[in-house]
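What Swiss-Prot records for H82, H395 is Fe(II)-heme a binding site, and it gives a curator's inference as the kind of evidence. Positions annotated as Cu cation binding site by Swiss-Prot, on the basis of a curator's inference: H258, Y262, H307, H308. Sequence annotations record features per position, and here Swiss-Prot assigns heme a3 binding site to H393. As annotated by Swiss-Prot, transmembrane segment applies to 35-55, 85-105, 120-140, 164-184, 211-231, 252-272, 284-304, 321-341, 355-375, 390-410, 426-446, 470-490, with the evidence given as sequence analysis.
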Amino acid sequence: MAQAQLPLDTPLSLPEHPKAWKWYDYFTFNVDHKVIGIQYLVTAFIFYLIGGLMAVAMRTELATADSDFLDPNLYNAFLTNHGTIMIFLWVVPAAIGGFGNYLVPLMIGARDMAFPRLNALAFWLNPPAGALLLASFLFGGAQAGWTSYPPLSTITATTAQSMWILAIILVGTSSILGSVNFIVTIWKMKVPSMRWNQLPLFCWAMLATSLLALVSTPVLAAGLILLLFDINFGTSFYKPDAGGNVVIYQHLFWFYSHPAVYLMILPIFGIMSEVIPVHARKPIFGYQAIAYSSLAICCVGLFVWVHHMFTSGTPPWMRMFFTISTLIVAVPTGVKIFSWVATLWGGKIRLNSAMLFAIGLMSMFVLGGLSGVTLGTAPVDIHVHDTYYVVAHFHYVLFGGSVFGLYAGIYHWFPKMTGRLLDERLGILHFVLTLIGTNWTFLPMHELGLKGMPRRVAMYDPQFEPVNLICTIGAFVLAFSIIPFLINIIWSWNKGKIAGDNPWGGLTLEWTTSSPPLIENWEVLPVVTKGPYDYGIERRQESTDEDHDEQE
């Protein structure tokens, strides 16, 4: 994509860049987009471990029907905060804040984000939010689920519930600030030689994500502020006995929280569109279709939220409308899946760790999408609403989708961030354990849901015990899968093989600078002369010319 193809030879030692950041700079209040990106990733991963420990504790409780491993109130608090942490403090910050901050300026040829100080502020709102969330356990912990529906959220552990609300508002503010920054950066700061049809697909995904967050997040903030007033100041926005309406809260909550699924998956789709062509050594199939499908998901995704409320007294016409809109939003997603499959077809695929997680994502997301189609239709959803069928669905989509994609991105861009390669043997072990653990844990939950086991309960009918025990064993396998990943990260960051500037032979602009990049990314800004996914085009052109010469 730049003027000159970078060599793929690997140096013997990591070069010293006088203008590169040192390790201790990552612990400071820094405005450089790369430092902030790493800070997002590391902080989010710490919360991922905390949320994962809560999940293991809950699965241990659910291993048997009469277990007393967790106090019921503590189980409810773990349930609430596990979901909250995994969504608001792991996937969203890692995908948008982590990869978005690190990669977008590098991919468009900018020296930093448009508003560096605003960028730093957006990150530094996250650690206090997480601390506030964890501190709520000193007051019993929020126990109303990650949805925090009233009236339950207004009568249980009200101090902890208020802390939960304030934490989410802080994270939402961070999201809004970051969205403004990404939109301005992509729109105004790409190098003059880069046309819109040369913009990397990850940047298209980040643009769509930012637009969606900017529209939906303030609605959640408004709904939570009203809930905070009901809890602490005697208002009655959601109190039916005083003229309020709890269904209004559901509308406000889901208007953000279903688009939040796309906030978590759109950047991951962008990562997929970068990883697959590089490691398949083929141009991406359907560049424009993938770019426009991100914008289509952004638009249609704002009109599907009521499928979470089919059992909340919604009228038939509303059920019909939102069933149709839910099925329509699957179309642009299908465009991406088929484009990735077409890109893989006939490619020279390198089955390294990044590519394995990308392919794993495709299989997991398709499985989750199939159950999503059934949940999007009102007649089926009414029967399996609030059962483990729903739990299985969203874990296949969000863990099998988002987390697999985050792992693919880490294995792909770790050499750029650190200058060193991750160990492939540990990476493949990590992938195998994660794939087995994911299916072992969540696939049996479909059976639990179809047989009627409700979600969010610590005690259940003994008939469900054998399947729950299977799920719990799978959860431990999934938990242990993180160990080789952590060993790989820590060891490779210090002792890993030197990567060189472009170990994968990538054509997007981040591969034209040093690894790790300079403080201002480049000594001289790059010039774009070809597309970001023109892999093998020159060889095919040479082959065509030779065939033409032979015919003559």
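Counting starts with 1 at the first residue shown.
The backbone N, Cα and C atoms fix where each Cβ goes, and this holds for glycine too.
It should be emphasised that the depicted structure is a prediction, and the values quoted were computed from it without experimental measurement.
Annotated features, which come from Swiss-Prot, shown on the structure.
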{"residue": "H82", "record": "Fe(II)-heme a binding site", "DSSP (3 states)": "helix"}
{"residue": "H258", "record": "Cu cation binding site", "DSSP (3 states)": "coil"}
{"residue": "H307", "record": "Cu cation binding site", "DSSP (3 states)": "helix"}
{"residue": "H393", "record": "heme a3 binding site", "DSSP (3 states)": "helix"}
Should anything in the same chain at least six residues away from the transmembrane segment (390-410) have a Cβ under 8 Å from its Cβ atoms, list it; otherwise answer none.
41, 86-87, 91, 94-95, 99, 261, 264-265, 268-269, 271-272, 275, 353-355, 357-358, 360-361, 363-365, 367-369, 371-372, 375, 384, 422, 430-431, 434, 438, 441-443, 445-446, 448-449, 455, 485, 489
About how far apart, in whole Å, are the alpha carbons (Cα) of H393 (heme a3 binding site) and H82 (Fe(II)-heme a binding site)?
17
The transmembrane segment (321-341): which same-chain residues, six or more beyond its ends, come within Cβ distance under 8 Å?
269, 272-273, 276, 284-286, 289-290, 292-294, 296-297, 300-301, 303-307, 310, 314, 358, 362, 365-366, 369, 372-373, 376-378
Can you list, in sequence order, the residues of the same chain other than H258, Y262, H307, H308 whose CB lies within 8 Å of the CB centroid of the Cu cation site?
W254, S257, P259, V261, G301, V304, W305, T326
To the nearest whole angstrom, what is the C-alpha distance linking H307 (Cu cation binding site) and H395 (Fe(II)-heme a binding site)?
18
How many other Cβ atoms are found within 10 Å of the Cβ atom of H258 (Cu cation binding site), counting all protein chains shown?
20
Result, the transmembrane segment (355-375) in contact with the transmembrane segment (470-490) (3+ CB pairs under 8 Å):
no
C-alpha spacing of H258 (Cu cation binding site) relative to H82 (Fe(II)-heme a binding site), in angstrom:
18
Ten-angstrom check, please: count other Cβ atoms within 10 Å of the Cβ of H395 (Fe(II)-heme a binding site), all chains counted.
22
Using a Cβ-Cβ cut-off under 8 angstroms and a sequence gap of six or more, which residues of the chain neighbour Y262 (Cu cation binding site)?
T209, L212, I297, C298, G301
Under 8 Å Cβ to Cβ from H308 (Cu cation binding site), same chain, six or more residues apart: give me those in sequence order, or none if nothing qualifies.
Q250, W254, S257, H258
C-beta crowding around H82 (Fe(II)-heme a binding site), within 10 angstroms:
20
Please figure out which one of 85-105, 120-140, 211-231 racks up the most CB pairs under 8 Å against the transmembrane segment (35-55).
85-105
